[in-house]
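What TrEMBL says about this one:
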DISULFID  C62-C67  disulfide bond
BINDING   R155, T157, W168, S213, H216, R248  FAD binding site
DISULFID  C355-C358  disulfide bond
ACT_SITE  C355  active site
ACT_SITE  C358  active site
Amino acid sequence: SQLPLKNWCVLDDCFCDIESIDVFNNFKIYPRIQKLTERDYFRYYRVNLNRPCPFWADDGQCSIKDCQVEPCPEVSSTDPQLSTLYSQVANANTDIVDCEQAQDLGAINSTLSNYSKEAFEDWARHDDAQDHFCELDDETSPDATYVDLLLNPERYTGYKGPSAWRVWNSIYEENCFKPRSVYRPLNPLVPPRGKGCSSSLCLEKRVFYRLISGLHSSINIHLCAEYLLDEGWGMSLWGPNVQEFRQRFDPAETKGEGTRRLKNLYFLYLIELRALSKVAPYFDRAFVNLYTGDRQEDRATKELLLQFFNETKAFPMHFDEKSMFAGQKIEAKTLKEEFRLHFKNISRIMDCVGCSKCRLWGKLQTQGLGTALKILFSEKEIKNLPEHSPSKGFQLTRQEIVALLNGFGRLSTSIHQLHSFRALLKEKR
């Protein structure tokens, strides 16, 4: 069996090829984004995981106490409890124990390894003193808490079945930027809702659908690459599950859709890469800092970030965002607003995910993609940024910055993991 995407393949809607992206990502981008997201500024993400699902009654699998986010423990940084895991894996094959396993694997480790609540309050005071000119989402809620992303890696949790199907069906069907021809029975027992979409989509709407499909593909690759292979004696073995990968991407098992899904992953990567290269001037300004309270740490983090931006700008085959919204000014403004509202709806659907860890990474990556689109829609405002003061035309919050870099880090990791799956599939031939 072969990976359903050849080493060289021209992507639709842009002039670039898979092989060039692989080399650029795996050798230049991936090592740098890994180092960057390990820095203190980027490893802590403030998020409200307790917002109720606004579209249907909560029916999430294993939606019980241990699946929910616990308040940050008020312990000192030397407390040995900081290094213990939040839960252990269940061990059986019945539906009940599957549920317990999903509950444990999907639970959030609320340990905060290096920072106390006082430090985060200092961060909040600093952020509140900045001039923000965009609507802040649920990170300002009293229910929002900081989560250490390094202690809560995105991987297999056992979250599956009707709840997961319902979330993705809602994203694809109710946010109808999808060609009729796309085969997507997320749950073959549930017929598609709505009338479907026209097969002849304009470029802008086709782009929107491809972004969501690429995000879905990326998440699935993470789950296949970090799969629970075995457990016992208090230890869990995580690694790539080739069969699971085939079920999601093999053309024979997806009616040829696997190749398109992987193409959409690369397309999403290019969109976010383009946004990162465009936003560099925002961070170039001397007064913009990545505040954690440690000046030496903050300077080193910003230096790493600027080096990373230089790499993104060096990519020779960037997506041409000027082809988007190229119509009349009024039509373009209307379409951008339509994008924004659809995307906001998708963000709220993430509140319906019944697994806390899945919800965490779903919300983060959705916000990261939304931030990338915000950047691409703001080219004029970014060009006109004042050098020594904030701009009313364009501003990024801490959470948008953290989500943007970690979200792109997930895409970079997916492409890096595809290289490993290619090698594994080649061995099994």
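Residue numbering: from 1, along the chain as shown.
For all residues, glycine too, the Cβ spot is worked out from N, Cα and C.
No curator has checked TrEMBL annotations; they are predicted automatically.
The two recorded residues W168 (FAD binding site) and C355 (disulfide bond) have their Cα atoms spaced 14 Å from each other. Overall, the recorded FAD-binding residues R155, T157, W168, S213, H216, R248 cover a maximum inter-Cα distance of 21 Å.
It is R155, among the binding-site residues R155, H216, R248, whose Cβ has the fewest other Cβ atoms within 10 Å in the structure shown. For the pair formed by T157 (FAD binding site) and C355 (disulfide bond), distance between Cα atoms is given as 8 Å, rounded to the nearest Å. Closest to C355 (disulfide bond) by Cα-Cα distance, out of the binding-site residues R155, S213, H216, R248, is R155. Residue environment of T157 (FAD binding site) contains 24 other Cβ atoms, counted within 10 Å of its Cβ in all protein chains.
Long-range Cβ proximity for S213 (FAD binding site), meaning a same-chain Cβ under 8 A and a gap of 6 or more residues, is found for R260, R261, N264.
In the structure as shown, the Cβ atom of C355 (disulfide bond) sits within 10 Å of 26 other Cβ atoms. Taking the C-alpha positions, the distance from C358 (disulfide bond) to H216 (FAD binding site) comes to 12 Å. Of the listed recorded positions, namely W168, C358, the sparsest CB environment within 10 A is found at W168.
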